[in-house]
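Take a look at the structure below.
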Amino acid sequence: MAEREERRFAQVSRESVALMAESAGVELGEEMAAVLAEDVCYRLREAAQSCSQFMKHAKRKKLTVEDFNRALRWSNVEAVCGYGAQDALPFRSGKEGELFFVDDREINLIELALATNIPKGCAETMVRVNVAYLDGKGGVELQGAVPTAVQSLSDDLLKYYQQITRAILGDDPHLMKVALLDLQSNSKIAALLPYFVYVISGVKSVSHDLEQLNRLLHMVRSLVQNPYLYLGSYVRSLVSSVMYCILEPLAASINPLNDHWTLRDYAALLLSNIFWTHGDLVSGLYHQILLSLQKVLSDPVRPLCSHYGAVVGLHALGWKAVEKVLFPHLPAYWANLQAVLDDYSVSNAQVKADGHKVYGAILVAVERLLKMKALSLSHPGEWCFNAQTGSLAAAVGYSSPGLSPPPESLSEAAFGIASHLQAGSGGCPWEEWAPVSLPAMYLELYSFFGDSLAVRFSTGPGLDSPPYCPSALLREPKKEALGQGSNSDTARKMPQLTANLSISPRRDGSPRTDPPPPSLAAAGPGRSLPRSSSAQRSRYSSSRSAQRLTGLPRDVFPKARFASPQNGPPTFSFVIGGRQMGQRCQGRRPFQTVFAPTPPPAAVPPRAYAHKLPVIGRVGKPVRRWTCSHYSLLLPL
Amino acid sequence: MAAVQGGMVDEKEEVDIKTEPQSDGLMNTNATDGRQLSPSPSSSSSAGSTKSAAGAPEDQQTLLAVLQFLRKNKLTESVEILRREAGLPEDALDTKGADCSAPSSGGTAGGVDGLDAGSLLSRVAVSSSAGTPAPTKAVADDQPDVSVVLSAYSQQGDPALYKVYYSDLKKFIESVLDCHRAELSQVFYPLFVHMYLELVYNNHESEAKAFFEKFSGDQECYYEDDLRVLSSLTKKEHMRGNETLLDFRTSKFVLRISRDSYQLLKRHLQERQNNQIWNIIQEHLYIDIFDGMPRSKSQIDAMSGSLAGEAKREANKAKVYYGLLKEPEIEVPLDDEDEEAENEEGKPKKKKPKKDSMGSKSKKQDPNAPLQNRIPLPELKDSDKLDKIMYMKESTKRIRLGRENLPSICFYTFLNAYQGLTAVDFTDDSSLIAGGFADSTVRVWSVTPKKLRKVKSAADLNLIDKESDDVLERIMDEKTASESKILYGHSGPVYGISFSPDRNYLLSCSEDGTVRLWSLLTFTCLVGYKGHNYPVWDTQFSPYGYYFVSGGHDRVARLWATDHYQPLRIFAGHLADVTCTRFHPNSNYVVTGSSDRTIRLWDVLTGNCVRIFTGHKGPIHTLAFSPNGKFLASGATDGRVLLWDIGHGLMVSELKGHTDTVYALRFSRDGEILASGSMDNTVRLWDAAKAFDDLETDDFTAATGHIHLQDNSQELLLGTYMSKSTPVVHLHFTRRNLLLAAGSYAA
């Protein structure tokens, strides 16, 4: 027999057959064994042929023992039991070399029976859907996904990457510093950028670890500051990581001892840094950031730390952003914040503390807003442009001359943003914010913050020098930083103040009847918190209104003096009304009626209803869910 | 009947034919008295394996035959004496009886044998009269049994000369003109197989092997799989029970050859007196002669590859009513202004009745459509009408796909499917997805936020107010709501599943040989349809519900109605497993793909096979009709997708690109795009509109069936989309033309 030709098929030698027969207790002749062997070979091949059918219909590429047993069963042969394991069975040769067998491990049944670590059942079979291709074009790219071109990295680069990441995320602060410095100045790491960006996008997985978050943020800063790197579209990914640190209710913030506030501050700074330096790389980035900040701010369900993040984020983006997003939203937001701050229950203590944080942040932001706005009004044109808001103005597309008097272009631009941000929430105050002049703004803000706002103003531009010089502006941040502490103090006391005053709501209802100077005199001692600067403050506040009446934008603060006496009373009545946060609306309306002649009437009513502004982020919600649709089976079809 | 036939054969043989001494056959199965045929201890080998077992097999055979004869005539004493003298063991007698019936491979094979007995008888007679060279072995034996089928191989020439014959023919064909060579080369493969089998049958094992060694390399590469089966078969007893060979013997291999080429071949064989080959051609080949130009090699290659050669031209001549049925006219409320009112179709408050454009289009009868009542279809229920309205509304929002406008693809990945995902189906409205698994379960998931709920128990149902408007909502048991449900009942891997169009039922077919109907209201099994006694590979509901089709390892497809426990039609004709089954959109036809590498279209009304499509080089695993019913797409293990024109019975296009088995095919709702999903983890999109537009069906092509395909796969390929190591098992276009793909993640 030409057995040689059949090498490619299963072979059972006649010796094997004889051996098996012997073990079964049957004597077989040589010839018989040969015939049997050949037949067995054929049957084996036949079974192999038919079992491949079961494999094909099960849509598999791997032939399993089960397939073979099915084939055997359908040809009326007993199945072979005991080989159903998924893992490959090791086939070994015995010591003599002629003997091959399947390695059969011994299992200690006692151990198995008494084992405490009962293996968990395998996870449930489920179906998940994801949008694989949109309109037949390219895979939907995952945010921060590592590009596949790993092999294009040289070994050195790879080593560098490993060392750097290890150093930055490691324990040695000195090493970290060195690594960050190098990252900031190395000119040859462009190829690694995607990887670093990917590492940074890991913020989401370490939200419990402030230290790591901090380090990752530092890494962002280094990358952003590296003059040799072109960030390109990775800016988006970096921004989203930074925004995560700013806005998300991080796991680390559950513990009040964790100072996640600083992290948020730092991240906000970083955000502005990225934005000023690389904002031009991605179109519409500014709007996107504003949008998401606003969404967070207007979502009452979000924890206060998120709101805090939104405020500091806006603050960091410049006073324009504050004016555009925070200021119009303040009335609506204030009610929530006030509710928190007014709750004195013990269980609320922590939340209240957080609320004060937010309060402080808002205060800082609006203060700067006022200052800068005043500044821009008093120094229109090129000064304002190059000093501070230059890049912002450029990014938003404002023309610098348009800043000082609110002309058409400005309001239009604002409107454009507004409609973009809140699709469909009709009658929104966005279109109205532009005409709000500085005095009106101040008055309104004063209605919220009352004295503390004035206090800060008195400390800020205390000197009477009419035109602000650039140097004063440059000092500004420091002052704010200094003011932070005191600010929070005043902020904490603020609610007490209002609480005391809220006993007399009658005053709000009839502000006009109050005689001007006496009311001030009466209110002054009536306040539980006497302040040294109260006189000054009142002077300023009234100056504001005076300013307003005169309608001269050029000299807002400096030339502020007590104006005509009939304007005084409304001012003061407003101060009192403004303190009474609970009845904020009532407090404001009288004020508006008083000033009705001055501001454009159309502008006022919408502001009064600002608190009715629908929660803005909501419109965007379903869309977001749609993009995450791979998390659920739901897919709008 | 078989016994009678056996007797006839006996007589005949005694008269003129010298059959093989070992041949046995039908009689075995019928002779229940149990004969001792073979002392061979091998129980699984068939009865004919005596020859090599004993020293003097022929003598023993004779003795056995005599014993048999005596026993039959109740001469028990003589039997006893003879047996003792011959030294034969008695116990072997009884075991033999059992063995005889066992290997006769199932009912189908037996049936084929029985049917063919008559026809083959005459063939034997004819061939012997046609001047067969005398058999080398003249054995005068009154063997009482004849393997009627195999006896066709009994006449033979000198085994040593087979090689000479074959190489002589080969030399001749290689020497003819180019135009004839390609055509005549078709003869090689069937000749080779038949000659090899003849050698094996006549126990010339070494010659057979040598023959195989020498010429197997010359065969077309797409016959590789068959050749592998052949080469493992070297003994006559192996042939018994080998279904592939049964197929090969019982069916004639069909070749299409032009008249000129045929004359050439005939002349040559007659000149050379090459009777051996001539006989094979006469008996085992069916040569479909046509007038006109010989076909080119590429034309032939496009059509060949199936187990039984090409389709005869007559086979594809019948008229096929491929048009769509007229849609019932339903007033479609069109409310363009408020999209939100989608859900409240049922309440026709402010609906202004307006004829939909679709409705007006289908008003005039399609000349190619069958009569509306050609096949009785279930009447539309109110819920069906609602669904139709829904469908039309959805279709107005459909995205028009095309070369410039490719669909988005959503991938449904089955995770943790350790048990093995074997089949997937979506409902037409894409609200449910079902998976069949190798662990015998069927799982249904809801794709929408709407949970799956069961109907309340009978006791609870009594309590509800049957008059209320929302009675359909009230009957549902809120407590049972869940995202998925598991259906237990099968006892083998579930190879095919199909939702009913009304989404109330689910069909599943399994390796256990049953098709089960499940209710999606109670999530229980309603019926188990038993008919296929072997694994059922595929099943599908008719687009109008009520009917369904199934096909399996028993090589037949069956048409069922849900309320009949027996099949309404049995579509028999495939030579190997029916691997996939699909309903034509008009429900009048059923198409089946098989591992014999052919596709057959069956008329539901008559049960006749009206189309045979050949051209695939591997088992066909998926089929899809174009939405207009005119075209068919098929995918096979060879990774190719072929497009067919049903009306003309022609291949339209060949789409090459996949590197592994194509398991899923689906046309977009407008038929513009064809999507194919494969084991190679890709989804490919093809420009079906272009493929069909380019089609030039001149009369000549239609008449001769000689297609000329240009290789334009690359032009037609619109995109290749990789999944993440997930073989694509199923594809589905939503009503708005979003492409859904499904598969289980292969870890």
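Even glycines carry a Cβ here, placed using N, Cα and C.
Quick look at what TrEMBL lists:
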COMPBIAS  B:22-37  compositional bias 'Polar residues'
COMPBIAS  B:38-57  compositional bias 'Low complexity'
COMPBIAS  B:332-343  compositional bias 'Acidic residues'
COMPBIAS  B:355-366  compositional bias 'Basic and acidic residues'
DOMAIN    B:157-285  domain 'TFIID subunit TAF5 NTD2'
REPEAT    B:414-455  repeat 'WD'
REPEAT    B:487-520  repeat 'WD'
REPEAT    B:529-560  repeat 'WD'
REPEAT    B:571-612  repeat 'WD'
REPEAT    B:613-654  repeat 'WD'
REPEAT    B:655-687  repeat 'WD'
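Looking at the repeat 'WD' (B:655-687) alone, the prediction's average pLDDT is 93. Nonlocal intrachain contacts for the repeat 'WD' (B:529-560), taken as residues 6+ away from its ends with a CB within less than 8 angstroms of a stretch CB, comprise 106-108, 375, 377-378, 492, 495-502, 505, 507-517, 566-572, 574-583, 585-587, 590, 592, 594, 602, 604, 607.
If one looks beyond the repeat 'WD' (B:414-455) by at least 6 residues along the same chain, the residues whose Cβ comes under 8 Å of a Cβ in the stretch are 387, 390-391, 394, 461, 475-478, 480-499, 501, 503, 506, 508, 510, 512, 518, 520-523, 729-730, 732, 734-735, 740, 742-745. Each residue in the repeat 'WD' (B:613-654) gets a DSSP state, and the totals come to 0 helix, 24 strand, 18 coil. Summarised by DSSP class, the composition of the domain 'TFIID subunit TAF5 NTD2' (B:157-285) is 100 helix, 7 strand, 22 coil. Counting residues of the repeat 'WD' (B:529-560) by DSSP class, helix then strand then coil, yields 0 helix, 19 strand, 13 coil. Across the repeat 'WD' (B:655-687), DSSP assigns 0 helix, 19 strand, 14 coil.
Taken residue by residue, the repeat 'WD' (B:414-455) breaks down under DSSP into 0 helix, 23 strand, 19 coil.
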